[in-house]
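Q: Before anything else, here's the structure in question.
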Amino acid sequence: MYSSPPPTPFFNIADITLWTLDPMLKKRDDFEDMLEERRNSSDLRYALKCYTPVLYKGLTPCKVSELKQMVLQSDQLGYVITQVSKEKGVTSDEVTGEAAAILEEMAQRLQLSTVRFFAFTLSKVFKTLFRSICINEEGLQRLQQAIHNHPVVLLPSHRSYMDFLLMSYILYTYDLALPVIAAGMDFMGMKVVGEMLRMSGAFFIRRSFGGDKLYWAVFSEYVKIMLKNGYAPVEFFLEGTRSRTAKSLTPKLGLLNIVMDPFLKGEVFDISLVPVSISYERTLEEALYARELLGVPKPKESTSGLFKARKILSEDYGSIHVYFGQPVSVRSLAESRVNRSQFNLIPRHIPTRPSEEILSFVNDSAYRLVRAQEENMVLKPWVLLAFVLLQKQAAEEKQGTALDELTEQAVWLRDLSRQYGAFLHWPDHIPPSEVVSSSLSLHRGLVRISEGRAVVILSCASYRNQALNVFIRPALLASAIHTAASNRKQEIYNSFSFLRNMFSNEFILCPGATVQDFEEACYLLVKTGTLQINQQEVLITERGHRTLAFLTSVLDPFLQGYQVVCRFLCEQDGLTEKQFIPAVRKFIIKHLLTGRLRYTEVLSSDLQKNALAALIRLGAVQKIKGNNYCFNVFPSEARNRGL
Amino acid sequence: MASNSSGSDSSDRQRIAQQRLSVIAGHLQRPVEGNSGILAAECKAQGDKLDVSSERRTVPRRRQEIMKWNGWGYSDSKFLYNKKGQAEFTGKRYRLSGMIIPGLREWMESTFSANLQHKTPAAPILNSSAVQPPTLNEAFLKELKSTGIPFSHDAEDRVFRSHGHCLHEIFALREGKIGRVPDLVVWPNCHNDVVKIVELACKHNVCLIPYGGGTSVSSALECPPEETRSIVSLDTSQMNRILWIDEKNLTAHVEAGIVGQDLERLLNESGYCTGHEPDSMEFSSLGGWVATRASGMKKNIYGNIEDLVVHIKMVTPRGVIEKSCQGPRMSTGPDVHHFIMGSEGTLGVVTEVTMKIRPMPEYQKYGSVVFPNFEMGVACLREVARQRCAPASIRLMDNEQFKFGHALKPQVSSIFTSFLDGLKKFYITKFKGFDPNRLCVATLLFEGDREKVLQHEKQVYDIAAKFGGLAAGEDNGQRGYMLTFVIAYLRDLGMDYYVIGESFETSMPWDRVLDICRNVKARIVRECKDKGVQFPPLSTCRVTQTYDAGACVYFYFAFNYRGLSDPVHVYEQVEHAAREEILANGGSLSHHHGVGKLRKEWMRESISSVGMGMLKSVKDYVDPNNIFGNRNLL
């Protein structure tokens, strides 16, 4: 697939509607600090304030218990219950009982009193932890309008446990309808807290229920009924889980599929999907994530664990930026993409597997939404510093960096990232050197990089990762130019296409959009004077070398990481899935110690897993299902493909 | 139909008779058709068995004598705002005629932001010079003359037969814009005349477009602009006799040009009816019903056209098609009647039809039920259909239409009635707690033995009660049905004040009724906004028929077009989008209006490529030279 030639002539910069590509022209709203008012007025009065949100215009108000009844009496569930009772040879009453139990375990019990309790305590906590929580209020106005007009799905990015409490807190503060939130079952382990979360609108779903028809039916019907009736905005995380690396994760499609279904089947006129970008200057889980990536197991969620985490309260976590993006109408996404009449010939309550057409539509939509999240992520100066520091560390400049030099490089990178459309929050009224030093002081725990400790490096990498999406396409192009045998455009495209395909588990690169991505990268690099592109050739300009060098080194850790995983696999004659991570980790440590590998961050299990998944996808490694899961490696193939 | 035409009291009859006389006088003065009378009489003699004297037929050859050339219906009947600024309906034909409608102005002003100051008057008279001179096929004409069948190439006659009643057609006429029109109009008097005309058309390669009542709303009557041959409009209106009535088998053999109101009136005189009452029955013809698969309001008792027809005679370029007997049902391969029904004039001309008739019902009773909301109303109709106890007619209007119906209430004569109305309103909204912005109303019509009607009525009201329905009186019901006939006149009033609109219909399974109603209405509103319509549109619907497996829904859509440079184009775009929405949500392309040229782009998607091929091959066999070249359907 990666070698297929692009449609000819595959780019003609003048023809592309420039403003869609030009990130500089992106309009973004201003932020307001919502904590400011909290610091100046009574939290108690705030928690007890009159709360009268705007609701969906078609809403027929109903109680939590009625909602459950509607699910249990729905045709959809009824159909599956009959089916399951026939298959298992039990009475349908029993199956219904089972369904009711599932629903009981799952359902939220949103209660305003609990929300008020959270509003009070979270105010206290947030004020201690954070300097500010900045919101784009225009986004909230758009959201309010959207809630009034159509059922709404909130899609926040997921970097921290805080995310969904924070979301509800914001919506409560701004008098918006409180969402119901799809949460992983692991929270239920925390007894009191689990119930509290339930009462603040969380509903719990099992992490895996692959073959369980009944569970799936109850779950999907529950979500759809809440959505269709406009009961509350439905909130879930497209990425499925918290990203430990601060890179966006490949979107999960299950829930998105469910929430789009009512529109596709004509049960509602439209649905608004609202991407929300939450960026933390410092995540609470910073060190935790890094340890997890290095193989220190994640502590089980428990109430007592939460109390132990109290010490977090004494630290400074900077600010949070929450950006409510433009609502995306499912109707307009589906326009001229999906033929909705495909659902005309089967009663809509009979569950059917989504067609290829629908799956690819949902997949593309998911990528679009994740990109919309990425685009509105606020980047702090520290993120840029992380780039500089990590690249220096890898270049083994052990003696530390002079502040002046660091500042110069940061300012250069600031300008570059702005040209690429990054949503950078760099205080322009303060001298750059002060910006740099104050960033360093907030993250002082990470700064003494010269020690080279893996945890610190991975934490640092996770900050750098926040801005990877800004550079990824130009970086792929830069690496493609670097590896291509000539400067012929076609050749560079081929190598771009290969790299892009290779890394599509690692970064958010929408399947099938190679040509668009290539055009976008070319456009950015030409616009910033790095490249000159004519009909046949790609030429590097005089001043373009610095940029290209930087961009190549952005991708370098990943390239080397994938290479080392390949090398590791080539030396194996099959191993089980379980063995893979520990074995590859050992292998990498050996290489790091001997100095054959420069990038400590390759130790990240996330990268290792992604590399393996990519190799399996590309057919270089085969997964054999048997008694023990083995990987059959075709080394020659792996080498053929340039690794 | 108790509500309109059957109210033909003696003065009405007298007037019609007078009109007829003047019509005849008009004919005598026209030398072009001078010899037509004699041969036509010969033709009539054949069918003289039962024929009732033709003095009382509604539709004259020269339609312009009684009908508008650029609007709906009779020239003497129209809505207007009188000097006091009150809405009034003129004429004497309808129950509403001569009455003041006090609520209409406010409704129009508030619904459309229309203003009586902003008028868009229509071109007052047809400017014959705007009509292209006819392209005549001289050889055809010469032979046609020798048959003695009346014809005309008068501009007015031709323009009258160049259109149906789609918005764009009427709008263009009001602006005095006239496109391609037929080159010649012929008025066959009987089946044999048609055979002759079709033979001549084949011989001389002339394009024939059958014309019945002219009430098409699918662009079916529009002359294809790409047609280079001479186009002859075959007007069946003079083939309007009941040839016989068979009381043993309860059938009647009727010429296909007869219009609905004449058919019913003539049968009523013998104590019978067909019970087929489409909303257009005043003007639409039996042949048109067959050619479009029409549906009547009272289909629950009498059936749709396909249930009513026993035998059809159609003249095609290949010859005459008809069955050899009148058995009530046959297993003789695919029913050839179904090639004819819905063929929309692409295969031939329907000339004679044997139809089922029924004794006139002993008793009729109207009724109405108010529901707290549309959802409950639909649920009730569904239950009525499930129990198969639908009255002759049951229709459910949504809230906007309920309000509209209210606005059309004529001025009440007594204080007592208005007091009673106030009381009813109070009871429903205050005492029963119905939200006036959500409630909706179903109108009912029961027919049959008195005893059974009352029993039936109780059954239906009992079901309605289960869905929160409250009986709301006979009056509201009757007014609802009466409005069906005057609503078409209302569009002309709207067009006088920058408001354009139309209705369109579809059918769908029960479980999709609510979804389609909601989504299509919302789509209309959104499209209007997107297309730059400055004022919120009226977007409303009603369920007009129930079936075992689904329902028929009508949408009404209108907007104030001030500020738009090409309102008709905007209108068409919105209607197009609405139809796409219907299809995407599982509704049909049409329940009974047909496809014509307006909806033909969706035919393949609707009936599959193989289905198209089947129809195409029938067309290719029956009419290889595309003599019936109106280009509908395929």
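The backbone N, Cα and C atoms fix where each Cβ goes, glycine too.
Please treat TrEMBL annotations as automatic predictions, because they have not gone through curation.
Since the structure is predicted, the reported quantities are computational estimates derived from the model, not experimental observations.
TrEMBL lists B:178-360 with the feature domain 'FAD-binding PCMH-type'. Annotation source TrEMBL lists FAD binding site at B:210-216, B:292-295, B:344-350. Look at TrEMBL and you will find B:ARG395 tagged as site 'Important for enzyme activity'. Marked as substrate binding site by TrEMBL: B:ARG491. According to TrEMBL, the feature active site, proton donor/acceptor maps to B:TYR554.
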Q: In Å, rounded, how far does the Cα of B:ALA294 (FAD binding site) sit from the Cα of B:TYR554 (active site, proton donor/acceptor)?
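A: Counting only the Cα atoms, the answer is 14 Å.
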Q: Enter the number of other CB atoms within 10 angstroms of the CB of B:ALA294 (FAD binding site).
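A: Neighbour count, Cβ to Cβ under the 10 Å cut-off: 27.
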Q: Sort B:ARG491 (substrate binding site) into helix, strand or coil using the DSSP assignment.
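A: Once the DSSP labels are grouped into three classes, B:ARG491 (substrate binding site) ends up as helix.
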Q: Applying a 10 Å Cβ distance cut-off over all chains shown, what neighbour count does B:TYR554 (active site, proton donor/acceptor) have?
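A: Around B:TYR554 (active site, proton donor/acceptor), other Cβ atoms within 10 Å: 20.
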Q: Could you tell me the mean pLDDT the prediction assigns to the domain 'FAD-binding PCMH-type' (B:178-360)?
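A: Within the domain 'FAD-binding PCMH-type' (B:178-360), the model's average pLDDT equals 96.
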Q: In sequence order, what residues of the same chain, 6+ apart, have a Cβ less than 8 Å from the Cβ of B:SER216 (FAD binding site)?
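A: The list for B:SER216 (FAD binding site) reads B:GLY164, B:HIS165, B:CYS166, B:GLY288, B:THR292, B:GLY594, B:GLY596, given in order along the sequence.
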Q: Helix, strand or coil by DSSP: which one applies to B:ALA294 (FAD binding site)?
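A: Going by the DSSP assignment, B:ALA294 (FAD binding site) belongs to neither helix nor strand, so it counts as coil.
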Q: Going by C-alpha distance, which of the binding-site residues B:PRO210, B:GLY213, B:GLY348, B:ARG491 is nearest to B:TYR554 (active site, proton donor/acceptor)?
A: B:ARG491
Q: In which DSSP state, out of helix, strand and coil, do we find B:PRO210 (FAD binding site)?
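A: In three-state terms, B:PRO210 (FAD binding site) counts as strand.
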Q: Using a Cβ cut-off under 8 Å and a sequence separation of 6 or more, which residues in the same chain sit near B:ARG491 (substrate binding site)?
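A: B:TRP72, B:LEU167, B:ILE170, B:ILE500, B:GLY501, B:GLU502, B:ALA558 - these are the non-local Cβ neighbours of B:ARG491 (substrate binding site), listed in sequence order.
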